[in-house]
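First the structure, in the form of structure tokens, and then the observations on it.
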Amino acid sequence: MQVASPPLQESKTDRPTASKRLPEIDWFRALAICYMGLTHAEFHMDNPPSWAARLAMGGIYFCYVGFLMSFGMAQAIIRYRGLLLRPEGKARFLRQAGMILLGYYLIAFGGNYAMLAGLPRSQLAPTILHMLLLLNVPKAGDFFLSFLLYLLLILAFPNVVSFIATRPGRALLGAMGLNILGNLLARHAPTAFSGWWKMVFGAQPSARTFPIFGYAPLLVFSIWLGWSYVNSKNRRRWVGIALLAALLVAIGGNLLCATASQEPWHRLAALTPVPGLLYLLSASAVGTAVFCGVSFLRMLLPSLNASVLGRFLNFVGRHSFWIIVWQYLWIGFLMDALTLSITSSVATASYLLSIVFLPPLSLYLSQKLEAWYQSSSPNLIGRSS
């Protein structure tokens with residue numbers, strides 16, 4: 001007579017019905033990364049054409065918002081699967097934190113070598129020390145360190161994601177309170193430390209408006225959005241409702257922002273949290289609309305997954321971290337080392353497209369080369385180990 005064995009301990013935390021990865025989040029992140037490359041590339045140009053400047057202004061509005069929202073939604077899915085409650089999940093988070101720190105240093109020193117080479121010897125050592133201590137590093141991407149701190153926070157307090165998902169109102173109020181506190185500290189903290197407050201809370205030390213918008217509230221919203229999406233029973237209906245609501249909020253928020261920027265409302269609005277709140281609503285609505293649009297497109301056209309575009313977006317989304325690092329390094333190399341002077345529209349378009357496609361292409365080719373080397377030299381690898 002056979003006795004049924006008890007269920008494994010891991011089954012209490014793992015969700016077999018939850019997908020390991022949601023391709024729509026990878027696509028969403030990939031779009032943000034491509035736009036981020038266009039934005040950063042335009043910033044390094046001396047006299048960009050007007051169309052490139054307008055393109056970059058749109059990137060400012062979406063690229064970081066999209067990347068941060070995809071990060072928050074991924075944390076909600078990881079928590080849904082119970083990955084953080086297992087030792088291998090914690091080890092994975094620690095590896096990701098180490099990779100983020102390594103990428104930050106690569107960007108800091110690789111993207112700023114021209115600046116370091118031009119410094120006097122008396123300023124070189126203090127500047128390198130500030131870069132090693134993560135204090136006000138130019139051209140390094142504060143969002144890298146914000147993700148690092150968020151990862152460490154989630155690792156130390158795994159239940160914070162569940163709290164945000166089940167009590168989004170309280171979590172959002174708490175994040176806004178932290179953002180206000182961070183802005184006040186940034187105004188009165190030493191210059192070297194003000195970058196930390198900006199990094200953690202999205203606080204602007206010189207901001208004239210009431211500091212209610214920041215990285216923390218947007219992260220809270222994206223975690224709740226991801227939790228709601230992964231728990232929805234009818235995703236097509238969820239996407240349709242969320243897309244319509246996001247478009248209405250985005251259009252209304254932008255219209256109100258335009259009204260608040262004109263007199264006599266501008267002077268009054270600067271003394272209230274209205275501008276920051278409108279920006280928070282508009283940014284989160286734009287990010288939600290893009291994600292819902294991507295998800296709806298994948299539902300309507302399943303053949304996109306196997307297309308060249310789908311495979312490109314999957315690759316960029318899955319390797320987003322190193323592609324961002326490559327973007328910074330490519331920009332620093334092409335503009336600083338080669339001292340390129342880009343004036344024509346054709347040269348501008350070629351340069352912007354190279355920033356978008358060269359980093360993922362080089363990473364893809366390096367992976368193929370590594371796979372070919374391992375398959376063609378198995379004995380050599382075995383002897384070396």
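Any Cβ shown, glycine's included, is placed from N, Cα and C.
TrEMBL entries are annotated by machine, without manual review.
Annotation comment: TrEMBL describes 55-78 (among others) as transmembrane segment.
Among the features that TrEMBL reports, transmembrane segment is placed at 99-119 (among others).
Annotation comment: TrEMBL describes 143-164 (among others) as transmembrane segment.
For 171-190 (among others), the entry in TrEMBL reads transmembrane segment.
Here TrEMBL flags 210-230 (among others) as transmembrane segment.
Residues annotated as transmembrane segment in TrEMBL: 237-256 (among others).
For the transmembrane segment (276-301), the residues of the chain that approach it from at least six positions outside its boundaries are 23-25, 27-28, 31, 61-62, 65-66, 69-70, 73, 209-213, 217-218, 221-222, 225, 235-236, 239-240, 242-243, 245-247, 249-250, 253-254, 256-257, 260, judged by C-beta separation under 8 angstroms. What TrEMBL records for 276-301 (among others) is transmembrane segment.
Here TrEMBL flags 348-366 (among others) as transmembrane segment. Within its own chain, the transmembrane segment (348-366) has Cβ neighbours under 8 Å at 34, 37-38, 40-42, 45, 48-49, 52, 55, 312, 315-316, 319, 322-323, 326-327, 330-331, 334, 340, 342, counting only residues six or more beyond its boundaries.
Beyond the ends of the transmembrane segment (55-78), by six or more residues, the same chain brings 18-19, 22, 25, 28-29, 31-33, 35-36, 38-39, 42-43, 48, 84, 89, 143, 147, 150, 154, 161, 165, 215, 218-227, 229-230, 283-284, 286-288, 290-291, 317, 320, 352 to within a C-beta distance below 8 angstroms of the stretch.
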